[in-house]
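Take a look at the structure set out below.
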Ligand code: CP
């Protein structure tokens, strides 16, 4: 693997999921693969799971890890030809090349602005690192995608499914803040590549990009969509059409134990209790969010392993 900025960078998804599950059983099997190799992780935004699970994954492979909270460094400029006489002090052209001398792999987390749709859709930050760095780039959640999360989700469903083709429902949920579409986008793209029966449910007007949803069924009736579901993935996203706006906080869309039925409950975390999902779901036996978070390590580890093998 040359980089992992999007799901399509995985050449064989089924083998990758299978190998991740094997790594989980024997995490130190390839502990020499990353010897004398360094992973630099750059965070433009907060993280708990991505930060710790990716570091753990790298250490399982024997890598050294360096972490930079980018807001502690010089303000970066990403536009070409800018007269840098305002707040930015260093251009990505120099920064990416400099960091590449300290790293064998660079992982980047950079959320969207949610104010400039065109800029967010262009993945300016992630693509600038891909363009100017001289080492492989891993996406730890960008403006429009969270492929490491989606791989962990695929591993979790593969481990837990009792059916050859489970019904998977992605359900929007209310949230007081404007959140990115990245997790939902990548989850949909991942499920479209798996042998699952995927349905998306959200209030009218909360349509995601058609370039993502393609011909996946969409229902505005949550109760109908949840019928006979095996896995229910709950996630808020802000409005895509009226970009970045919170147009609904309808609490009727919160996930409850009654609505969930016998389905397994999934969420990428962090999650707001009794806003997105009620306590009874998270504290109940059908919640798999902790296992899902654990699988973040093995998703990151299989990606790092495949990259290290091609260095
Ligand atoms: N799910 C996820 O990416 O968690 P963090 O934001 O804590 O990394």
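Cβ atoms here come from the backbone N, Cα and C positions, even for glycine.
Just so you know, TrEMBL annotations never went through curation; they're auto-generated.
Listed features, source TrEMBL:
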| type | residues | note |
| --- | --- | --- |
| BINDING | 47, 48, 49, 50, 74, 109, 146, 147, 148, 149, 268, 269, 296 | carbamoyl phosphate binding site |
| BINDING | 141, 175, 235, 272 | N(2)-succinyl-L-ornithine binding site |
| DOMAIN | 4-159 | domain 'Aspartate/ornithine carbamoyltransferase carbamoyl-P binding' |
| DOMAIN | 183-305 | domain 'Aspartate/ornithine carbamoyltransferase Asp/Orn-binding' |
Distance, residue 175 (N(2)-succinyl-L-ornithine binding site) to residue 49 (carbamoyl phosphate binding site) (CA atoms, angstrom): 20
Candidate binding-site residues 47, 74, 146, 148, pick with smallest Cα gap to residue 272 (N(2)-succinyl-L-ornithine binding site): 47
Maximum Cα-Cα separation (Å), residues 47, 48, 49, 50, 74, 109, 146, 147, 148, 149, 268, 269, 296 listed as binding carbamoyl phosphate: 31
Cα-Cα distance linking residue 235 (N(2)-succinyl-L-ornithine binding site) and residue 268 (carbamoyl phosphate binding site), given in Å to the nearest integer: 8
Lowest local Cβ density (other Cβ within 10 Å) among binding-site residues: 49, 146, 175, 235, 272: 272
Cα-nearest neighbour of residue 296 (carbamoyl phosphate binding site) within the listed binding-site residues, 141, 175, 235: 141
Averaged pLDDT, computed only over the residues in the domain 'Aspartate/ornithine carbamoyltransferase Asp/Orn-binding' (183-305): 98
Annotated binding-site residues 49, 268, 296, filtered by Cβ under 6 Å to ligand 1: 49, 268
Distance [Cα-Cα, Å, rounded] between residue 141 (N(2)-succinyl-L-ornithine binding site) and residue 148 (carbamoyl phosphate binding site): 8
C-alpha spacing of residue 175 (N(2)-succinyl-L-ornithine binding site) relative to residue 146 (carbamoyl phosphate binding site), in angstrom: 19
Cβ neighbour count (within 10 Å, all chains shown) around residue 268 (carbamoyl phosphate binding site): 25
Residue pair residue 175 (N(2)-succinyl-L-ornithine binding site), residue 148 (carbamoyl phosphate binding site) - Cα distance, angstrom, rounded: 23
